[in-house]
There are 2 protein chains.
Amino acid sequence: MTLRVLGVDPGLTRCGIGVVDVEPDRRVSLVYYGVVRSEPSSPIEQRLLTIGLGLEAAIDEHKPHAMAVERVFAQHNLRTVMGTAQVSGLALHAAASRTIPVGLRTPSEVKAAITGYGAADKKQVQTMVARVLGLAELPQPADAADALALAICHAWRGAAPAAASGGDPSAMTPAQRAWLAAERASKR
Amino acid sequence: MTLRVLGVDPGLTRCGIGVVDVEPDRRVSLVYYGVVRSEPSSPIEQRLLTIGLGLEAAIDEHKPHAMAVERVFAQHNLRTVMGTAQVSGLALHAAASRTIPVGLRTPSEVKAAITGYGAADKKQVQTMVARVLGLAELPQPADAADALALAICHAWRGAAPAAASGGDPSAMTPAQRAWLAAERASKR
């Protein structure tokens, strides 16, 4: 049973989206990657509308079983953090409104899962994402590669909501139960 | 011609909503105020879904001509700022997706417009909002009073998008043109 995971690297100027299919034996294959852009000179509400429409279109086209969104932390540029937080809110809202289980992953957690090193740079992440997915070229731009890394990390870690339910199948969504069953079957 | 303005004081635990009708002579009357709450122990995506649904229901019920959202700044508690920014993103997105013109207003700008003093405390804002709207009691909780103050401030200042268009009617939405015409008529 194949599970599809959509990762979102939230951003107001470039929002990365990556979709992968994951097999019970942890093999992953590429479904889609790209970025939604908005014009920095546009009013904030128009930018959020543009990013939101792009996110929703990707979700509705690829119909993921689970989603992962990068957790936003304080950065040097407060203006950027606000926009990033606003876009992460849209992504989480889009998941919940479609009853798609969604989890937050930190950048260092994702880097560690993909490269084995929590402080890996963008090039290392792109290189490992390309290797894992068997791509001939590095996924560009870095925001899209980050979204793919997020999706892969989330898949390999079994999707946070299932873990949060303590492995109790009765507390899970159908997608989470399917995931758990697939994981267990792959370990036999 | 009466113009209706909906103000949003964004918050994840309590999101204030206030709706007022404004006459060309600047008199304002109360339409609605309240808060949408979400349970702090719920997952973030469920909280955003709950707040988003409440916001959208208020917008669709009261059909404002314009909206105002409090501008989010850095605060002491970074966790609170992130949730506030995410909710402000939902509010801006909800306005843009309905082509309702929306503006951001700073807390000090709102306090100055309502009380004449940019550092007014919550009680002073509630008192002046009650006086301006002719309410027998102070609007509660403070988040709802803040949302009313935001709506009144936005109305009195002529709605930011119209101002941003430099007063050129051809660059305005129908609501903005109506507003401008109403404002000019009131000054004759």
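These residue numbers are counts, starting from 1, taken along the chain as shown.
Cβ coordinates are placed from backbone N, Cα and C, and glycine is handled just like the others.
What TrEMBL lists as active site is B:Asp9, B:Glu70, B:Asp143. Residues annotated as Mg(2+) 1 binding site in TrEMBL: B:Asp9, B:Asp143. If you look up TrEMBL, you'll see B:Glu70 marked as Mg(2+) 2 binding site. If you look up TrEMBL, you'll see B:163-188 marked as region 'Disordered'.
Overlay of TrEMBL annotations on the structure.
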residue  : record      : Cβ neighbours (10 Å)
B:Asp9   : active site : 29
B:Glu70  : active site : 25
B:Asp143 : active site : 25
Taking the Cα atoms as reference points, how far is B:Asp143 (active site) from B:Asp9 (active site) in Å?
6
With DSSP assignments reduced to helix, strand and coil, which class does B:Asp9 (active site) get?
strand
Check the DSSP secondary structure of B:Asp143 (active site), expressed as helix, strand or coil.
helix
Pairwise Cα distance for B:Asp9 (active site)/B:Glu70 (active site) [Å, integer]:
6
